[in-house]
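Visitor: Structure incoming, see below.
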Amino acid sequence: SSNMENDVSLKFRQQLLLIDENLGAEDVAALKFLCTDLLPFKKLESVKSAVDIFQLLMAEEYLNEKDTFLLAELLYRIKCHSLLKKLGYTKEKVQEYLHEKGRVSPYRQMLYELSENITNEMLKDIIFLLQNCLPKRRMTLSALDLLILLEKQGLLTENNVQVLEEVCMNVSPHLLETVNCYKRAKVLLPQQENPLPVKESSLSHTGDIRGFPSPQVHWKELLLSVKQYFKDKKYCIVTKLLFATFTNIGFLFINIYAAFSLSFLQNIASYKMDGPHRGFCLVINNVNFGSSLQERKGSCKDAGELERVFTWLGLDVRTYKDLTSWEIKNLMQTWQRLQDHKDRDCFICCILSHGESGAIYGKDEQLVSIRTIMSHFTAKRCPQLAEKPKLFFIQACQGKEIQRPVYVEADARIPDLPSMQQSISPSESIPEEADFLLGMATIDGYVSFRHVEQGAWYIQALCSKLKLLVPRGEDILSILTEVNEDVGRRVDRWGTKKQMPQPAYTLRRKFIFPIPRDPPPS
């Protein structure tokens, strides 16, 4: 019995080590933050790795081999859904038990969600506004560091989030909705017997920054608000701000707002696509692999067709052939840091390779998760593409190999090599923030087909429908619906094998390519 318990304990700790190996520095910082209400802060300050956090959770009896739900919840909160399987959970199973067993407070969840949506530029503006509340010594702060600092100083508590409301209103009003959702939910929750009174905003005591509404607005707030006005055309926010401050000027801006309203409402339904440059399009074409994966014959035809079509649509196309997993990750980091995105309307990336569930193979036959690839271009990591559409098209299998005829091949491993990947749906691959689209050649768990001479069914249908429907003014989701219909009708020469593509997206508006002046490429 004792030996069995030791075996269970050893296996459990091995699982924790495997999870630790898959978590980066940002993930560890997020775990520390989410555990702030559960673990002594002094102990959390000394944490260097995820294993350190696991040790603290076990010491406080929050985590053991019989009850791993808290760790599952934490991984779910930081969106590391692929690691849940190591604990015997799925994303859906965690969601099912959260209401009953969840330990991360709504307040902590709200702060973390807020930090995930604060770009580097926003963070600079927030620090600028709060500089009199922060230590005089210069330090590099992340969004999570800043929130912890505000909590330490008593400026931010579960019952007083007014400091967040004020900085969000000034720096990026769309962040305010996260705070407001928390406040609305808090009203519905059972209250403490003697709740702490909500204090007047701590910002109003600094002498330099005033709370809203107020008879005076400090020049810093006005400067940032005017900056936001010209940058994002937030007419209503600026109008309200100035109206609350200077009545006469407020009326003037209301009239200006009315004059611009019609054109603003007409444009809000679709993404802005009239900049000086359309954007970059990357085409990664992996054809040749090692001994385990077959050559992807016909893929060069797909890459050439993608290059012709997206060049016709005004994009600057860059093609890369036969990249290893490391080269793919390095390439994504290079494009993530590119400053030239600032003057572009959108970003597109097409990957042609063999694949497994939720991942694609590099030339070295090592997997790279689709989520890892896409997450390089979130607003936080690539602020130049914030609020701009980012489209990813993946031609690769997402499941196990099936028997193949001579003229149709499947973009997957050969049959005698079992897949080590767990099933990951497109909705799990796509980053959980706005402005992404992921077009998959096939639904999860299935192969996608490629003709050795004519190219992949999905890519050929995509290019064909773009050439046909862009000149008609159709948006990308309507075009992808037509692609689904086209591919869904195709069968192999024996009439036994079919395929169905699957898009997943978090687009907030319609994505419509401007109609090119030239006719479509033949």
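Note: Cβ is positioned from N, Cα and C throughout, glycine not excepted.
Note: TrEMBL annotation is automatic and uncurated.
Since the structure is predicted, the reported quantities are computational estimates derived from the model, not experimental observations.
Taken from TrEMBL, the feature domain 'DED' covers 11-89, 106-181. According to TrEMBL, the feature domain 'Caspase family p20' maps to 277-401. Annotation comment: TrEMBL describes 426-513 as domain 'Caspase family p10'. The transmembrane segment feature in TrEMBL is assigned to 241-265.
Can you tell me where each of these features sits in this structure?
Guide: The DSSP breakdown of the domain 'DED' (106-181) into helical (H, G, I), extended (E, B) and coil residues amounts to 50 helix, 2 strand, 24 coil.
Counted with DSSP, the domain 'Caspase family p20' (277-401) comes out as 40 helix, 39 strand, 46 coil.
Averaged over the domain 'Caspase family p10' (426-513), the predicted model reaches a pLDDT of 76.
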Visitor: Looking only at the domain 'DED' (11-89), how are its residues distributed among DSSP helix, strand and coil?
Guide: 52 helix, 2 strand, 25 coil
